[in-house]
Amino acid sequence: MGLPRLVCAFLLAACCCCPRVAGVPGEAEQPAPELVEVEVGSTALLKCGLSQSQGNLSHVDWFSVHKEKRTLIFRVRQGQGQSEPGEYEQRLSLQDRGATLALTQVTPQDERIFLCQGKRPRSQEYRIQLRVYKAPEEPNIQVNPLGIPVNSKEPEEVATCVGRNGYPIPQVIWYKNGRPLKEEKNRVHIQSSQTVESSGLYTLQSILKAQLVKEDKDAQFYCELNYRLPSGNHMKESREVTVPVFYPTEKVWLEVEPVGMLKEGDRVEIRCLADGNPPPHFSISKQNPSTREAEEETTNDNGVLVLEPARKEHSGRYECQGLDLDTMISLLSEPQELLVNYVSDVRVSPAAPERQEGSSLTLTCEAESSQDLEFQWLREETGQVLERGPVLQLHDLKREAGGGYRCVASVPSIPGLNRTQLVNVAIFGPPWMAFKERKVWVKENMVLNLSCEASGHPRPTISWNVNGTASEQDQDPQRVLSTLNVLVTPELLETGVECTASNDLGKNTSILFLELVNLTTLTPDSNTTTGLSTSTASPHTRANSTSTERKLPEPESRGVVIVAVIVCILVLAVLGAVLYFLYKKGKLPCRRSGKQEITLPPSRKSELVVEVKSDKLPEEMGLLQGSSGDKRAPGDQGEKYIDLRH
């Protein structure tokens, strides 16, 4: 019973297969279509693969095949093409003498099979598969701004990657620190989705979820889009991002800025740090040196204690405390010693030394510091280094030794850490004037501003011999400057002005001569002052007598001097005229050469030369030259030479 059934089944199968084996037309297996690849927006060239004989291409129909449905889109008759109404009506044209159909402005919807069918001499068809591609835009990555706690039980969202307007759908790969991530149960999960835009392009969105640890706080994540174009495979990478990772604090410590040795006056920051994220609430305390208990210091919101300017009192032991507000666990840092280096106030002894001329003086400088000190003594007026060390010895004191001396105490190992102290040395003596005499050029009825300076110890006082508005100003403890405003009158021009400086040891006087400025006044020399005030001479140019007073010369004596000068000039002029007259008459035994030969034996001509020098002053010679018009050579100083001969 079973055998007949088996035979019947075999015969039925043979009958069903016989027609295909016999080669019934239209039922043979079709070859694979030709592949044509283009990018969106470009032109696709669909070349009909039928026989190239004119007969085969003169009568061709083009179809688009979508979901196994053929739609006629183009006809070719006798080499002329005609589009059929529909979506391709405006985008098709013939090329290559009718062998190629051009499709412009390709879209993703054009990805399908196109078929060309020839009718003569017999029916043939050729299939073309059109593939369309579009590169996606640069991937956009967004990190999870809320961060990820390390104690999470499930993978948390790390970042989202979006690739827009690609075709077909690109492939996304996630990377961490340059290494690709793969799906891992309870550790890594990648969730992707795509959206079809109205243009037919795809937008891909991929979400990376992972469980992170503390070491991932600096990890770099990025995504990569892989896609294909007619030219081959390509890829685009996003920027790298770091996701906030939250982990508990395990350690708290202190940092001090600047690093290195600190000194008074610096800006010092004591910063509290922790290895947790987010950081705990910080507080900084300093140990009280008396009670040895920690006392909390005032810090800013970031747990930073600012010492500005730092002082010696800021030295001590500091600690930082961190309180985790989530777990309420408190951690304490290791104590750290802070040393603010200092130099105490400098003390000089004696503080106000007074000495007699010719005596000696020893100045001693003292100071304390947290480091080794170096001392040096400087002259205040010049800055000259007088001594390196705490002791300065001054011997055989002169008046010039009075004034300021500065002691500098410094720490060589810490640049800029130093203190100084100035001491003024007073040398007993009567007043010392800045100048003895001075000429001042003035105009009548003008107000003069005269000045007079004197120094000495005890401090001198200055008085004037004329009425006016006077004021004094201390230049230093032993030097005083007095100024006087006075109206120029004829009486003042006659008497001049005196300023007198006096102290317990004597007095001294400076004289100011007043001269009217007019058309006949000669230009003042370099030692006179044309302004209304006098200048102060340096101590090295002062000429002072300390126990005598110098009075202004009487008007009569000044007139006698002027008359004597005029008489001398007249006598010199007469003498010059007489000499010139005798010279022109030949009465003088000399020529222009200034030499006269005296006869001597030839053997002795070179033995005797008499030099005769003129006893006339240079001024007289100048008068003679001016009257005769005879200009002397620059080297001729009026000397005459006479050769003696037999």
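Positions of Cβ are set from backbone N, Cα and C atoms, glycine also.
Over in Swiss-Prot, the protein carries these features:
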- 24-559: topological domain 'Extracellular' (TOPO_DOM)
- Asn56: N-linked glycosylation site (CARBOHYD)
- 139-242: domain 'Ig-like V-type 2' (DOMAIN)
- 244-330: domain 'Ig-like C2-type 1' (DOMAIN)
- 335-424: domain 'Ig-like C2-type 2' (DOMAIN)
- Asn418: N-linked glycosylation site (CARBOHYD)
- 430-510: domain 'Ig-like C2-type 3' (DOMAIN)
- Asn449: N-linked glycosylation site (CARBOHYD)
- Asn467: N-linked glycosylation site (CARBOHYD)
- Asn508: N-linked glycosylation site (CARBOHYD)
- Asn518: N-linked glycosylation site (CARBOHYD)
- Asn527: N-linked glycosylation site (CARBOHYD)
- Asn544: N-linked glycosylation site (CARBOHYD)
- 560-583: transmembrane segment (TRANSMEM)
- Ser606: phosphoserine (MOD_RES)
- Ser614: phosphoserine (MOD_RES)
- Ser628: phosphoserine (MOD_RES)
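Asn467 (N-linked glycosylation site) falls within neither a helix nor a strand when secondary structure is assigned with DSSP, and so counts as coil. Taking the C-alpha positions, the distance from Asn449 (N-linked glycosylation site) to Asn508 (N-linked glycosylation site) comes to 21 Å.
For the domain 'Ig-like C2-type 3' (430-510), the model's pLDDT averages out at 90. Ranked by Cβ neighbours within 10 A across all protein chains shown, the glycosylation sites Asn449, Asn508 are led by Asn508. The DSSP secondary structure for Asn418 (N-linked glycosylation site) is strand.
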